[in-house]
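Reading through the structure tokens given below for one structure.
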Amino acid sequence: SLLFQALFNLLIPDHTADAFSPPRLSEPGLWDLLLEQLLGGLSHWDAEHFLFIAERGYLYEHNCAFFPLYPLSVRAVAEGALWPLQRLLRLRSRLLLSAVLLNSLFSVLAAAALYKLGCVVLQCRRVAFLAAVLFSVSPANVFMAAAYSESMFAFLAFSAMWQLEKGQSWLSGLLFSLASGVRANGLINAGFFLYSHGKCFVLQLQVGSGSVRKLPLLWKQLLSVASSAVLTCAGIFLPFALFQYFAYVRFCGPGTGLEQTVPKPLLQLARDKGYHLAAVNGVKPAWCSQRFPLVYSYIQDAYWNVGFLRYFELRQIPNFLLALPVALLGSWAAWTYMIANPRHCLTLGLERRKSEEESKPRAGFCCPAVFVYVVHATVLLAFGFFCMHVQVLTRFLGSSSPVLYWFSAHLLQEYEPLLRSEEGTGNETMASRSEKSLLGKSVGSCGRGTSENPVVRLLMNCRLITPLSKCILGFFLSYWLLGLILHCNFLPWT
């Protein structure tokens, strides 16, 4: 990805887009220009906001649409690990390098967390391994590499889900809380805790339904479950609330003479573009007088016209076409799961069935444990389709839900004969053989071990695979490549 974006950025001239592009206040040196040639394609569109916040803080009102944990991390690495480079690179260049290094790390860790989560939930290492490999060529890949918060959010969200499945509630709550400090849609992850606690309580009631339960004991259990759920959910909402309070104090408080300390080029940019500065001349933004002064919802409404059905216009048809593949895949996943588990879906997975107690639960995408993840993905899909700029749906789902990768891996594994022929015998799965072969080889070795990667195997035999496999791999790889070509040259993309 890094190599291709540098190549495309060099060969294709950047499009002049009407996007946030603050002026550079210091003259770039030779090493700055070289870094810009190599990694400049990863600093476009919303990446400009994150890099600007990391450098200047929340100077403009609309910067508050981007949550603070990611830019703080970028600044910390730039001032810490990359501090020895300060004589060669200006701060802005070090921030860009820091973002690329962090996102490379977070993308790898997110793939590993997705694999571990899949092993626990799907109870099938083969499908979990294939899903993790598909994540590595995600259709949202360019946003995992660019100075965006997607890779960090994916790592925190998948890790939190994995820890919750392992029963590590407090560690999971901490990771979910950090995720909500990265992106606003992290708030919906509170549903995993509510469902987990509620399911445990309901199943406990069903176990003891045959005997007379003491009412005080029942109330004690209910109070314990409710208090635990409230505390964990409060922890998830805390970063969002603190950030809204910070924005309120900064933009709605008394004037602090900030205008005198802001460089003139940035003041001029604010005048030219109509950007609102923090606490200037005591003039407060309109949202400060609202009953619930939430800067995030105000910015989404006033700056980007985000709202229910607002994007349903004829001129937005190309953007709906861009989102069509992921929308169809997400809808197909939900439909497949509902058809395979109608009773489980109708009872919300809260019914203890005798078949589950007497035999081993079914493995794979259609197993009961996947229910809450399908609901989560469906809610995100519906909200993104009807209430957001629909073209962002690909990266919205690709960085938030494992279902996109689990279902794609399920389809490949179920309907691709080339993969079914490689399942092996006995208890050894293709995933375990792949890990053994790759771990057993030296770093410099090449050869047959690379073909154990299921995606590589399918690509090497692309003429033999089924049309369904071609469609799935075509979607992943075409969006992976088009994202690098278009996004890195300031052309519209997802």
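Counting begins at 1 with the first residue displayed.
Yeah, the Cβs are placed from backbone N, Cα and C, and that goes for glycine too.
Packing against the signal peptide (1-19) from elsewhere in the chain are residues 37-42, 44-45, 48, 100, 104, 141-142, 144-145, 480-481, 484-485, 488-492: each is 6 or more residues past its ends and has a CB under 8 Å from a CB in it. Sequence annotations record features per position, and here TrEMBL assigns signal peptide to 1-19.
Residues annotated as transmembrane segment in TrEMBL: 95-115 (among others).
The transmembrane segment annotation in TrEMBL covers 127-149 (among others). Note on the transmembrane segment (127-149): residues 1-2, 5, 41-47, 50-51, 66-67, 69-70, 74, 95-96, 99-100, 103-104, 106-107, 110-112, 114-119, 182-183, 325-326, 364-365, 394-395, 398-399, 402, 405-406, 408-410, 412-413, 419, 429-431, 434-435, 453-455, 475-477, 479-480, 483-484, 487-488, 493-494 of its chain, located 6 or more positions outside it, place their CB under 8 angstroms from a CB of the stretch.
Residues annotated as transmembrane segment in TrEMBL: 222-247 (among others).
Taken from TrEMBL, the feature transmembrane segment applies to 320-340 (among others).
TrEMBL lists 361-386 (among others) with the feature transmembrane segment.
Under the heading transmembrane segment, TrEMBL lists 471-493 (among others).
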For the transmembrane segment (361-386), sequence-distant contacts whose Cβ falls under 8 Å of one of its Cβ atoms, 6 or more beyond its ends: 121-124, 127, 161, 165, 185, 188-189, 191-192, 195-196, 308-309, 323, 327, 330-331, 333-334, 336-337, 340-341, 344-345, 348-349, 392-393, 396-397, 400-404, 406-407, 409-410
Remote residues contacting the transmembrane segment (95-115) - C-beta distance under 8 A, at least 6 residues beyond either end: 2, 35-36, 39-40, 42-43, 47, 50-51, 54-55, 73-75, 77-78, 81-82, 85, 89, 128-129, 131-133, 135-136, 144-148, 151-152, 154-155, 158-159, 162, 402, 405
